[in-house]
Amino acid sequence: MLRGQTLRWRAALQTPRSLILRPLFAPGGYNVGPRSVLETSRRFRSLPPSLRTFSSSTARRKEKPPPGDEKEDSNKKENKDNDDGTEDKEVERDPRRKQADSSGKHGSSVDPGAPTSGFARRREKAADRDQRSVTEDAKREAEAKGNSSDTPSAIPVSDSSSESKPSGSHNGGDDGGKKGKKNDKALQKPSVPDVYPQVMAIPIAKRPLFPGFYKAITIRDPNVATAIQEMMKRGQPYVGAFLFKDENADGDVIESTDDVYDTGVFAQVTAAYPLRGEQSGVTAVLYPHRRIKISSLIPPGDSTKSGNSEDKTTEKRGDVVASFEENAAELVTKDHYEPTSFLRKYPVSLVNVENLTEEPFDKKSAIIRAVTSEIVNVCKEIATLNPLFRDQISAFYTDQFPGNLSDEPAKLADFAAAVSGGELHELQEVLESMNIEERLPKGLVVLKKELMNAQLQTKISKDVEAKIQKRQREYWLMEQMKGIKRELGIESDGKDKLVEKFKEKAEKLAMPEAVKKVFDEELNKLAHLEPAASEFNVTRNYLDWLTQIPWGQKSVENFGISHATDVLNEDHYGLKDVKDRILEFIAVGKLRGTVEGKILCLVGPPGVGKTSIGKSIARALNRQYYRFSVGGLTDVAEIKGHRRTYVGALPGRIIQALKKCQTENPLILIDEVDKIGRGHQGDPSSALLELLDPEQNSSFLDHYMDVPVDLSKVLFVCTANVTDTIPRPLLDRMELIELSGYVADEKMAIAQKYLAPAARELTGLKNVDVTLTEEAIEELIKSYCRESGVRNLKKQIEKVYRKAAFKIVSDLGEDVLAEDKALTAEGKAAQEESEKETGPIESTSEQEKATTENPRVALNVPDSVHLSIGKDSLTDYVGPPIFTTDRLYDTFPPGVTMGLAWTSMGGAALYVESILENALTPESQPGLDITGNLQNVMKESTQIAYSFVKSVMAKQFPENRFFEKAKLHMHCPEGAVPKDGPSAGITMATSLLSLALNHPLDPTIAMTGELTVTGKVLRIGGLREKTVAARRAGAKTIIFPADNMSDWLELPENIKSGIEGHAVSWYSEVFDILFADLDKQAANRVWQKQLSKEPKKSNDKDDH
């Protein structure tokens, strides 16, 4: 530092430190943050100019002369003992000393912690010595400059500060002789150096710093924190702040210039406080002065290498601040100006920087004036929305713009970016922009975004406040209403009425004693609960369910046999077994006077009426009907309910059925019981065991109700397609009633009596002369709908009538019934009302007319319209036939037989084909290949049949060595359909024998039966369905096991009509029926010619 500036700094140091530090940056008084920094800046600027300079160190200053000033040191030594004696004399000799002394006293009066009078006198004495040595210092500096032009000045300062002369208690230099001249600048704020070539770089995260705006940062690196503290002690608290490119980066040292933006700010550390809870970190308050740019980086590793060569002279901890004369002397001795050389002993990042200068601009430019005005307007808008922003604008305007805003557009752009929450790169662009015309629009963009955020925040705040106010108003009104009711004596929160309602319901029900006890307990609990309590609603829902179960409520049953018969015949054709069982059930109830619940299970293929028969039974018995399906059900809670501890718990489907039916004796249909699933929530089929057990369901326990419910009076009807997938314990609890498929005669009767009339009414042809002839229905059944049920037949009949309706409307034309005549009186009134509201519609599209919701009348078809749909014209309505022949083969070749199968879809004809793969030769090897998607049981039946027929051939046809040399292939058509079951044994054996004996079979013979290896024919199931399938396939003879004779006798005559049945116990009986005309001698020699050929002598044995 120049010697000429020493007096000014010494005078500044005479200002009491506590007067400045305590109100501005006291650690206990303020938290460092945006608002505290603004407040600090405002209070700092409100101080007199003489009090704005302060030291950054709180330690006492060590009294010692500047290095190299031997005269001062000797004077100090000579006058060490005479300080007190000479003070008064010095004051008398120079009246200006009194002025300095009075200023010192003034400082002491302001700050109680000011130095004692002895210390003040010593400080005045040092100032006097400085005055006397000013001339000598100036001469010494001039001589040094003259001797070596390469030696730089100590510390360069700004032009204004170098031009201003130092002032203090005495005038130094040439002003010493000007007595009586008043100096208005007794104390001045030290100026910021205009040139500072090397600074310590501190990386900043999230957002850059802008000149003129304080920023508090946290330093956790101990080396950086220590370096900052030493910089402040040396009176050189200047750093460079540069923004991280990665917004997630963190650190206090710059490792590479690629990590930060090269444009930053030259900032002064105005204060540093230790971090709370951390020993090494500090919180530093930075005040940026100007923009700078990195020219080169000295990484931490490089800066510490030269740390040993720097001057080790440092100030002790007890000093107030290091003497500026000492620093100046240290720097003068060096060859180059390096104010940060003492930082090289720390592993911090140092950068060489250069100042950035703003490009000249015209303040009167229209663009600058327009953008400046817009920024001011946006600031005003934000200030109206955000009070904190309004305070920031007020402080900024007071500090930065003593005059007109348009005179400082650069500062205005910086302010816009500093207070906005824009993106990192947007703010950095504002900082890097040195062209004012470019910087202003960029600042305006980020400020506009801040305005949008403020508007959105205000909108959200208003919406939330409105909702809260609405709730508060409702709550206040409710409380006021309660108070009014309390004053009128009609106070009631609804709980008393609710309790009374439950009591009234319970009085109408015949609750069992155990249920009544639980009801009273829960009702008492409800009476003592607050309506706002969460358990209040749980108890209320439970009592609601408890009082909605029809305890003791029964529907009056109809035990009339004739009435039940009429109802069942009206709804269904056939189904004699089901109807007889229901009539038996009614007869028993009529004799006993009461009916106990039963569990029936209707088993049959789809479309035979299992579900609809349940509704007919309920109507015949005059019982309420409830149906639910358990197909795919995996949760036990659907049957037995959830426990009340769960949120949203409900009872099971059985309790829900009782609530809906409001009787204890409804008919509950459990559909698709064979398709019930199993999951991690449990096994619902096991839950049905208690429900469907007549010995246990008298005290069925639902998890939600937790009280026994009597289900013994409920008639349960289950439906299933097959019984194989029903668990055996569950199947044992149900009474099975099998519904076989319908034969052609039954389908014809059902179509004529039920399906056709319903389809005519559904398609609007009830009063139209449209006839579907009997031949057409027979053709539909024969060529389109061969399944066991009538569901597909119903679809085809509806399709025929729909086509007929379209044909009639097309032939009559659109003018038969105009749109204005198609509306009913109600529809016309609605249309007129709509026209009054919306006005007359000049043009209405056809689509709008077609989609009107106004009621319409039916079209009256003239009596002249007649339409008859016969067999010949059926293809015009339903397309070509699906099944063209009655059977797969009109004539069977050897090896083909027709068996019978029973599936979930009903009975079906199962053909078995066997062929010889290779020609028979003495060298050929036997074998059997099987195809047709056969499952394990059928594969075993194939092996049994193969072994059995080889035994038959060996015994009855020993000369026929067919199976010893034949490579065979057996196949069952429709390979996409999985096939399984043991009833195809005799069919496979017959197919192999027919091929071995080369004897074709009669195509009208069908067979079914399980075969053992000894030839025994065992019992099979589904004889009715298989008989129906045989009739559809055109069979006239059926071979079945003798054990199924009872099933055959129970078949209706219409099913057995035209079919001859043969019951067999051994396969020999089957052989006699099928091969009655067989010539055994010829059959013995049928393959003799092929097997007697001598083997070829050539090596080509494969040539046939």
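In case you wondered, yes, glycine gets a Cβ from its N, Cα and C as well.
Listed features, source Swiss-Prot:
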- Ser983: active site (ACT_SITE)
- Lys1026: active site (ACT_SITE)
- Gly604, Pro605, Pro606, Gly607, Val608, Gly609, Lys610, Thr611: ATP binding site (BINDING)
- 64-104: compositional bias 'Basic and acidic residues' (COMPBIAS)
- 125-144: compositional bias 'Basic and acidic residues' (COMPBIAS)
- 158-169: compositional bias 'Low complexity' (COMPBIAS)
- 172-187: compositional bias 'Basic and acidic residues' (COMPBIAS)
- 308-317: compositional bias 'Basic and acidic residues' (COMPBIAS)
- 825-839: compositional bias 'Basic and acidic residues' (COMPBIAS)
- 199-451: domain 'Lon N-terminal' (DOMAIN)
- 891-1077: domain 'Lon proteolytic' (DOMAIN)
- 41-192: region 'Disordered' (REGION)
- 296-317: region 'Disordered' (REGION)
- 825-857: region 'Disordered' (REGION)
- 1-54: transit peptide (TRANSIT)
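By the criterion of other Cβ atoms within 10 Å of the residue's own Cβ, the least surrounded of the binding-site residues Pro605, Pro606, Gly609 is Pro606.
Counting only the Cα atoms, the space from Lys610 (ATP binding site) to Lys1026 (active site) is about 19 angstrom. For the binding-site residues Gly604, Gly607, the largest tally of other C-beta atoms within 10 A is found at Gly604. Distance noted between the C-alpha atoms of Val608 (ATP binding site) and Lys1026 (active site) is 15 Å. Cβ crowding, taken as the number of other Cβ atoms within 10 Å, peaks at Lys1026 among the recorded positions Lys610, Lys1026. The Cβ neighbour count for Thr611 (ATP binding site), using a 10 Å radius over every protein chain in view, is 16.
Averaged across the domain 'Lon N-terminal' (199-451), the predicted model reaches a pLDDT of 76. Rounded to a whole number, the distance between the Cα atoms of Gly604 (ATP binding site) and Lys1026 (active site) is 13 Å. Listed in sequence order, the residues Leu602, Thr719, Asn721, Leu739, Ser788, Gly789, Arg791 complete the 8 Å Cβ shell around the ATP site centroid, once Gly604, Pro605, Pro606, Gly607, Val608, Gly609, Lys610, Thr611 themselves are left out.
Within 10 Å of the Cβ of Ser983 (active site) there are 28 other Cβ atoms, across all protein chains. Across the fold, the C-alpha of Gly604 (ATP binding site) and the C-alpha of Ser983 (active site) stand 19 Å from each other.
For Ser983 (active site) paired with Thr611 (ATP binding site), the C-alpha to C-alpha distance reads 29 Å.
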